[in-house]
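Asks: Next up is a structure, given as structure tokens.
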Amino acid sequence: MTQPQRVAVAMSGGVDSSATAALLVEQGYEVIGLTMQLWDHSSPKVAGSRSCCALDDLYDARQVAQTLGIPYYVVNYEADFRQAVVDDFIQTYAAGQTPNPCVRCNQILKFDLLLKKALALGADFLATGHYAIRREDAQGVPQLWQGSDPAKDQSYFLFTTTMAQLAHVRFPLGEMDKQQTRQLAQRFGLHLSTKQESQDVCFVPDGDYSAFFAKQAPHLLTPGAIVDQQGHSLGQHKGLGCYTVGQRKGLGIAHPTPLYVLALDAPHNQVIVGPAEALYQQQLTLHHVNWLEPTPPTEPFASMAKIRYAAPPVEARVEPLPDGGAQIYFNQPQRAITPGQACVFYDGARVVGGGWIV
């Protein structure tokens with residue numbers, strides 16, 4: 001009789017990762033539950049928030065592990081999270097860009113540190129509750145594909161996962177939709193089958209960026225000038241941390257035509273605004289591109305690209321650059337291309353690679 005494979009499940013206390021653990025137990029795997037403790041849970045706002053690392057979530061994950069009868073461990077990565085995600089979040093805003101902390105967390109914490117912990121515990125692979133699909137080509141090379149439910153596909157958030165990491169990662173929910181996941185959790189008698197999804201950046205409870213910056217980075221709330229494209233002052237902003245490209249609300253400017261944030265000028269502490277048509281651009285530059293190809297491409301190729309999670313993929317030409325970046329040329333101009341965010345490109349439903357918008 002062969003020994004069942006050991007699998008570690010990244011358990012966040014949500015329905016997706018809990019259903020993942022239950023499904024793998026049912027399939028006969030030897031399952032270990034792992035939860036990352038990432039942020040100080042002492043704040044009452046964090047404890048009751050809809051973030052992904054609230055105190056209630058640790059309790060829920062532990063209770064699910066007890067229900068399933070699996071070993072369960074909490075791994076403290078608070079210092080790593082602070083440096084790699086929170087400090088980067090602050091520094092990115094200070095540079096006049098808009099960060100994507102969930103991608104950074106996946107890159108540095110979940111699929112690096114936690115994966116190494118899982119393997120050290122003797123697991124054959126790490127499973128997560130992401131809605132994405134891992135496949136292998138004819139040569140056994142791992143590939144990352146979009147989840148089968150377009151409304152829940154999370155492959156965009158996983159583009160930094162390396163091929164070496166993909167060899168030891170699984171996404172059991174990739175072929176399912178959210179309703180099926182909830183039904184699965186209900187079938188296993190998990191108490192959180194109807195639990196709400198996390199919505200907020202986990203260290204910014206209730207999405208109150210001003211309160212977060214006031215405590216963690218007050219320099220990002222330094223007022224400065226709101227200027228038009230010609231440099232004329234139109235008013236005063238509340239600090240660069242309160243704005244992002246494409247934003248209209250909260251500018252507090254009386255103007256005959258609607259104005260939108262076009263760029264954040266960090267050296268001069270200015271918010272540059274303009275009309276809606278000025279938001280459209282037909283190209284962008286990426287740095288730190290991660291290729292999910294056995295041999296990274298060197299020649300331009302046609303692709304479908306996403307400039308943000310909620311955006312549909314659009315036709316584009318990807319031109320790899322010798323410095324490890326890429327130039328992306330869109331067939332049609334795209335609205336509010338935002339420095340600091342990610343652009344991910346696909347061959348059909350397969351992730352080819354992605355990088356960070358300059």
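The first residue you see is number 1, and the count goes up from there.
Placed from the backbone N, Cα and C atoms, the Cβ positions cover glycine too.
Remember, it's a predicted structure, so these values are computed and weren't measured experimentally.
Copied straight from Swiss-Prot:
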- ALA10, MET11, SER12, GLY13, GLY14, VAL15, ASP16, SER17, MET36, GLY129: ATP binding site (BINDING)
- CYS105-CYS202: disulfide bond (DISULFID)
- CYS105: active site, nucleophile (ACT_SITE)
- HIS130: site 'Interaction with tRNA' (SITE)
- CYS202: active site, cysteine persulfide intermediate (ACT_SITE)
- GLN341: site 'Interaction with tRNA' (SITE)
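Mind running through what each feature is packed against?
Replies: DSSP classifies GLY14 (ATP binding site) as coil under the three-state reduction.
Sequence-distant neighbours of CYS105 (disulfide bond) (same chain, 6+ residues apart, CB-CB distance under 8 A): LEU38, PHE81, ALA84, VAL85.
In the three-state DSSP classification, CYS105 (disulfide bond) falls within a helix.
Taking a C-beta cut-off of under 8 Å and a sequence gap of six or more, HIS130 (site 'Interaction with tRNA') has these contacts in its own chain: ASP16, GLY147, GLN154, PHE157, LEU158, PHE171, LEU173, GLY174.
Under DSSP, CYS202 (disulfide bond) is assigned to coil, being neither helix nor strand in the three-state scheme.
The DSSP secondary structure for GLN341 (site 'Interaction with tRNA') is coil.
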Asks: Is HIS130 (site 'Interaction with tRNA') helix, strand or coil when read with DSSP?
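Replies: HIS130 (site 'Interaction with tRNA') sits in coil per DSSP, no helix or strand.
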Asks: Within 10 angstroms of the C-beta of GLY14 (ATP binding site), what count of other C-beta atoms is obtained when all protein chains are considered?
Replies: 22
Asks: How long is the line from the C-alpha of SER12 (ATP binding site) to the C-alpha of GLN341 (site 'Interaction with tRNA'), rounded to the nearest angstrom?
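Replies: Per the Cα atoms, SER12 (ATP binding site) and GLN341 (site 'Interaction with tRNA') stand 24 Å apart.
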Asks: Output the one of ALA10, MET36, CYS202 that, of all these recorded positions, has the highest number of other Cβ atoms within 10 Å of its Cβ.
Replies: ALA10
